[in-house]
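Student: Supplied in structure tokens, the structure appears directly below.
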Amino acid sequence: MNAPIHAPLSAAVPDSDQGTTWVGRGPLGALPALSAAARRALALSAVLALLNAGALVAQAFLLAAVLANLVAGDVTGHTPALAALAGSVAARGILGWALRVVAARAAAGAKEELRAKVVDHAVRLGPEWIDDRGAGELTTLTTKGLDALDAYFTEYLPALVTAAVVPFAAGLAVLVADWPSAVIIAVTLPLMPLFAILIGKQTADRVEQATDAVHRLSGHLLELVRALPVLTAFRRAEAQAQAVRRVSEHHRTTTLSTLRLAFASAFALELAATLSVALVAVVIGVRLVSGDLSLAVGLGVLILAPECYQPLRQVGAAFHASQDGVEAVRRVERVLVVAPPEEGTRAPRRGPVRVRDLRVRRRDGFAPDGETFVLRPGQRVRLSGRSGTGKSTTLSVLLGFVTPSSGTVTVDGVPLAELDLQRWREAVAWVPQSPAFAGGTVRDELGWTGAGHAEIDAMLTRLDLGGLAERPVHRLSVGQRQRVAVARALLRLRHGAWLLLLDEPTAHLDPANAERVWEAVREAQDAGAAVVLAAHPRSEAPASADGVASDVEAGPRADVATPAQGRPVPLRELGERRLVRGVLLGAAALLAGGALTATS
């Protein structure tokens, strides 16, 4: 539990796009998961590609006509043709630039949209789901993973749209000018997508394996960096270094395997295109020699023939980029289909928080198991117990991040499941065990609460953090970060929140600073805040000023027998058992001594 509560995301996803997304198969499978703006960009790309194809045909036959006249000895009167040729070349350049701009903007919009969806949905699912899924994997997905959409939009989709338009436009022009060459192109052109399909079936599996390796390596490294101080303290850093080497080697082999396949597919497509164009050139040359074809038409067809194959070659070369992009969107879809906890619509009211028979299923049982308490404004409940008994889980339930297996949680008589969780969390101030921050300076972080500069400075001075307001949060020590988190929560209590959740807030503090924290918490409680404190039995929390505090023992229910419980053993029976064991051990010792004496 280490995610901070902040204001709603500014890049909120429109409600129309919040539904479940389904990623189809094939390189175009990612499009249904993208916004309408991305699909409109694809349609605009098709229009630009069609205009580019028209400019290409005009350029080819204008150039062929000028060259044919020059070969025939006519060196005058070519100004209009040359002007038209220059215009077609300029038009192709402008259209190509526009196509790249549209693709780049579509990629940026799609990445922003999907990142907002993933982050927003992960926040709704809660920190426990993030920990189970792996913060490193989610970080890789929302950064490097979605960056694969750049190549998908800027390379593959433009190539695909061009391949759907240019070969047909150029082929139609060749058919009108010279039908035998058009027949050759029509026969050899299907070989390109055939090879691409055969190779693509192998590529999809390889790309998925390579993506898994990248995410596994990234997640492993992130968790290792987080746990490095503990590993060093217990001398386990070298063992983890070996694990990193194994994961890195697996990533290297899968990446090189994918690259080998990419180079092989590019070679196959290039070879097929080269042989096809060569066949067209041979036929045109024979017909030119025999006089069956004019030079202008032959040159025009020969210029257009490679352009019929070039878009398909580009599609084949960019196919691997499409696989990376589709795989990234597919992984986003796996996150978005996870159902968040059910939310209600009722507005939360300030009142008693009642927890009754709370149970949350874990791998080895329930934690908490039957927890019950009542908390009113101005009171404090202390959850105590050993690690793993469900103290932090109870706080997650109160935040709405975890749905209990059984039991009820009500706020002023309203079940928590019926409340608007966003508005409820605005009423809750939370200090997790490992607080996280949005970045920037300490003042920037505390500014999220709505407090002014004077109020922030006073709170920092109160917690012995004076002079650190302009220091970056990432440069603070563990204890300073803990106190900044406490300051953030206390300031939120002054600006709308009334329930304070503390998860071992003084675990990394010295006694003097811990006393400052407890004093500030006690003042907040006396001012009307309801406080829930999760702490180990050995930790000390001061009593409330008016004594309105209660302790709740987390862990198994008292009426459920545990392996350590059972029928009390009478003292006399215990003494008899020990006497029998002592006699038997003494007899065995005498026999062993006699045997050793006899054999010596």
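Here the Cβ of each residue, glycine as well, is placed from N, Cα and C on the backbone.
Automatic prediction, not curation, is the source of TrEMBL annotations.
Keep in mind the model is a prediction, meaning the values are calculated, not measured.
Reproduced below are the annotations present in TrEMBL:
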type	residues	note
TRANSMEM	41-68	transmembrane segment
DOMAIN	43-324	domain 'ABC transmembrane type-1'
TRANSMEM	80-99	transmembrane segment
TRANSMEM	156-176	transmembrane segment
TRANSMEM	182-200	transmembrane segment
TRANSMEM	261-282	transmembrane segment
DOMAIN	353-582	domain 'ABC transporter'
REGION	542-568	region 'Disordered'
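Please situate the listed features within the shown structure.
Tutor: Tertiary neighbourhood of the transmembrane segment (41-68): same-chain residues 31, 78, 81-82, 84-85, 88-89, 91-92, 95-96, 98-99, 102-103, 105-106, 109, 153, 157-158, 161-162, 164-166, 169-170, 173, 177, 294-300, 303-304, 307, selected by CB-CB distance under 8 Å and a gap of 6+ residues from either end.
Remote same-chain residues near the transmembrane segment (80-99) are listed as 45, 48-49, 51-52, 55-56, 58-59, 62-63, 65-66, 158 (criterion: CB distance under 8 Å, separation of at least six residues from the stretch ends).
On the 0 to 100 pLDDT scale, the domain 'ABC transporter' (353-582) averages 80 in the predicted structure.
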